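*Asks:* Below, the features straight out of TrEMBL:
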type	residues	note
REPEAT	5-35	repeat 'PPR'
REPEAT	36-70	repeat 'PPR'
REPEAT	168-202	repeat 'PPR'
REPEAT	203-233	repeat 'PPR'
DOMAIN	384-476	domain 'DYW'
Amino acid sequence: MPERNTISWNGLISGYVKNGMTWEAREAFDKMPERNVVSWTAMLRGYVQEGRLKEAREIFDEMPERNVVAWTTMINGYVIHDKVDLALSLFRLMQLQGIRPNFPSMISTLSVCGSLATLNHGREVHAQLVRSLFDCDVYVCSVLITMYMKCGDLVNGKRVFDRFTSKDTVMWNSIITGYAQHGLGKEALQVFYDMVSSGVPPDEVTFIGVLSACSYTGRVKEGLQLFESMKSKYLVNPKTEHYSCVVDLLGRAGKLNEAMNLIRDMSVEADACVWGALLGACRIHNRLDMAEVVAKKLLLLEPENTGHYILLSNIYSSQGRWRDVAALRSNMRVQSLSKSPGCSWIEVEKKVHTFTGGDITSHPEHAVILRMVEKLDGLIIEVGYSPDGSFVLHDVEEEEKVHNLRHHSEKLAVAYGILKVPKGMPIRIMKNLRVCGDCHAAIKLIAKVTEREIVLRDANRFHHFKDGSCSCGDYW
């Protein structure tokens, strides 16, 4: 071209970005004599879609002016790549700088609020959607329902659901999945039957929701009937996710041989999700013989997934087979694999406070938190709590096991919640892994002695603790 302007430069950069040629795009970007917001945003999008978030943030921070598209692109990048805490902090910054969020950025932020369970921020975004007249959209309402359900606010989730007379499949699925995650099997199945009777056809996601609901509540007969009806009545072909739910259903109920037979007779190849469900059941029912067979399958399918090593390690340690535990950990070290640390967080006054298991000094208020942990420990011991050392994965003395259990991340978060959340309000805790059995027993008693409601969302489901019991009925 004898003469190039900003539009032609932007065309070249956008073409490179659309074809995944970020290096070439950056080379052209650096040569541009003059850039505008389109140039910067195109380069930002290129880094985001390739997952190079560090470079993306550098471009974002260097931008001389940022429009709502640039903000939304960066927020979406964090959401897509599971950097939900960074996405939420950027959304807060966007609001502080007076940038009015557009529809995509509000939807992305609702997803972030659901992932982090930051209910107060979710309510704020809901209010913005109402003011912008976006709340009448069926898709928006489905995202709102999911956000409220993931934050443990079933009342508002159901309220959004009930507002709509003509509901689509996605909206029905949102409420069914939400009830399933909270262990409300009866309610989830009732919504499913209402959905069918209203003439809305269930899809693959619907059946994942209802089968999970049956699994979480021990409804084996009803779950198997629904699984059989998928193809014969509703013309939905079962996939590995559905088989995984049924294996989990049978496994939790102690029907491990039936679960193994189902896997052998599957119409599709069993994946790690299916075998993982069976390994989890082996852990619950102490079936070491089957666990070792299943674990070998999993390690062939996903040799770099530390979760399989840890679950088998749990089973070995529960039976005192420390030599086998040590061999597993040695194997992990050889492959440079490391266990993700247990991490819990709680939102207090619109700020997320994070706790990592065993890390008792990183929080600025760690001294007062530890005093509360010790106080709670004393109170629940008086009403019958006894530390369960089988959930400590090290061959150590009993006193050290008790010390390790006391500093699990969910106990630290609960202690902080009791210190900071006003009485009468639920304490809402999130955890990145499955809650351990000792913490589950302890939090039931903490809820009783403090007369508080504690809602814990772990990697699998919700637990609502109140008056010394849990909504899961200890079936989890």
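Start at 1 and count along the chain as shown; that gives each residue its number.
Just so you know, glycine gets a Cβ as well, placed from its N, Cα and C.
Any TrEMBL annotation is an automated prediction that lacks curation.
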*Asks:* Sort out the residues at least 6 away from either end of the repeat 'PPR' (203-233), same chain, that have Cβ-Cβ distances under 8 Å to it, and list them.
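*Replies:* Residues 169, 172-173, 176-177, 179-181, 183-186, 188-189, 192, 195, 239, 241-242, 245-246, 248-250, 252-253, 255, 461, 472-473, 475-476.
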*Asks:* Give me the DSSP three-state residue breakdown of the repeat 'PPR' (36-70), ordered helix, strand, coil.
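*Replies:* DSSP classes over the repeat 'PPR' (36-70) add up to 26 helix, 0 strand, 9 coil.
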*Asks:* In the domain 'DYW' (384-476), how many residues does DSSP put in helix, strand and coil?
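*Replies:* The domain 'DYW' (384-476) comes out at 38 helix, 16 strand, 39 coil.
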*Asks:* Can you give the mean pLDDT for the domain 'DYW' (384-476), rounded to a whole number?
*Replies:* 82
*Asks:* Mind checking how the repeat 'PPR' (168-202) divides into helix, strand and coil residues in DSSP?
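*Replies:* The composition, in the requested order, is 26 helix, 0 strand, 9 coil.
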*Asks:* At a C-beta cut-off of under 8 Å, are there same-chain residues at least 6 beyond the repeat 'PPR' (5-35) that contact it? List them, or none.
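*Replies:* Residues 42-43, 45-47, 49-50, 52 contact the repeat 'PPR' (5-35) from elsewhere in the chain.
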